[in-house]
């Protein structure tokens, strides 16, 4: 098989799988922080800040994966 | 960020628009850095090229040209076409007839220039992202020097600040101080780092918002800009870190067996570097990703025009404009969130580094959770009890 074609395939699959991973992570994060905010509405502000930071960290991992996919596509 | 895509390419070049040229020149060309300002359909301004070169006889000289076009026509440079690097590496175009044709087709904006004799030591050319980075810097300087003068003028006033502008900026500054610096940097050391955090926050915010302005671009969608900002945080961490932090970093946790320390120390050091690398990549990828999505959605119209004809292109327009508006709104949100995330993570890393362990065995105090936040937790618990008691009683 053509190596370039394999690289495109890998990039596409990689982008999809990293999106799945990030979606699982951020989904769990959002659900549990909503639980927390619903139980303790006073702490909702603190929870929101923590949630954004953790979402940023999870997103960072997914973006690492996306950069690798972009490199696969652009520099084969 | 110019949203215009060549609608009438036939005027520039007589060859047909291919899918590759749409992807390489239009979509990537807009999202990437470049040596021109795009005001299509009104104008296209080429930026000066400055090259530090070592000429064939070994002398270092600084060469400046008004534009890429001037560089190619007057200097000893050739044009290497974009995207066909790798194997073979076709010879750069140097013949003037060929060059004139390539410039007519605006290929010089998307290709790279190669010096025919000697070598380019450093390309100091003024690029689009540099212009918008400097513009963001000037806007931040202008806003905050004007604001600081207003605070200086009525230093001992007692009434609330006047005016929408001053109030808006004060809210943001107080937000950075109270929500980002104070909770994350312990022992009152936040005063030392607040100026850096405020500078980073407002520079990123203004640069991100410039990326949403038509014809402008986001300087933060350049890995070099975000990399330098992450290096700044990294050097602050290294310079201001307490001896406890260094001791723990280089010798492992205080009461761990030697074998575990041998494993943990490299992990800690790699983790330290990766944290700051991720700081750069996160901001860069978010901004770059946003503009790539927008240009891809708009480019879809022109791709449809090539693949399926005009009718399909018109119907795609409706869909892609709708999605583009949605993504633009999302980017406005992301502009704020990324500035916040970069600043709060910088504050977190700095706070972790400057914290001093009072090594008389108080492991129960978590990093960042000092007495004040415990007081706050107590207050919250009191409030909860007060609220729940009347209902249960």
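From the backbone N, Cα and C atoms, a Cβ is placed for every residue, glycine too.
Below 8 angstroms of C-beta separation, residues 51, 54-55, 58-59, 61-62, 65-66, 68-70, 72-73, 76 of the same chain, each at least six residues beyond the ends of the transmembrane segment (A:6-29), sit close to that stretch. Per TrEMBL, the feature transmembrane segment maps to A:6-29 (among others).
Confidence over the domain 'V-ATPase proteolipid subunit C-like' (A:9-72), given as mean pLDDT on the 0 to 100 scale, stands at 88. The domain 'V-ATPase proteolipid subunit C-like' annotation in TrEMBL covers A:9-72.
Through the fold, the transmembrane segment (A:50-75) approaches residues 7-8, 10-12, 14-15, 17-19, 21-22, 25-26, 29-30, 33 of its own chain, all at least 6 residues removed from its boundaries and within a Cβ separation under 8 Å. Among the features that TrEMBL reports, transmembrane segment is placed at A:50-75 (among others).
When Cβ atoms from all protein chains are considered, those within 10 Å of residue A:59 (site 'Reversibly protonated during proton transport') total 20, not counting its own. In the three-state DSSP classification, residue A:59 (site 'Reversibly protonated during proton transport') falls within a helix. The site 'Reversibly protonated during proton transport' annotation in TrEMBL covers A:59.
Residue counts for the domain 'V-ATPase proteolipid subunit C-like' (A:9-72) under DSSP, split into helix (H, G, I), strand (E, B) and coil, are 63 helix, 0 strand, 1 coil.
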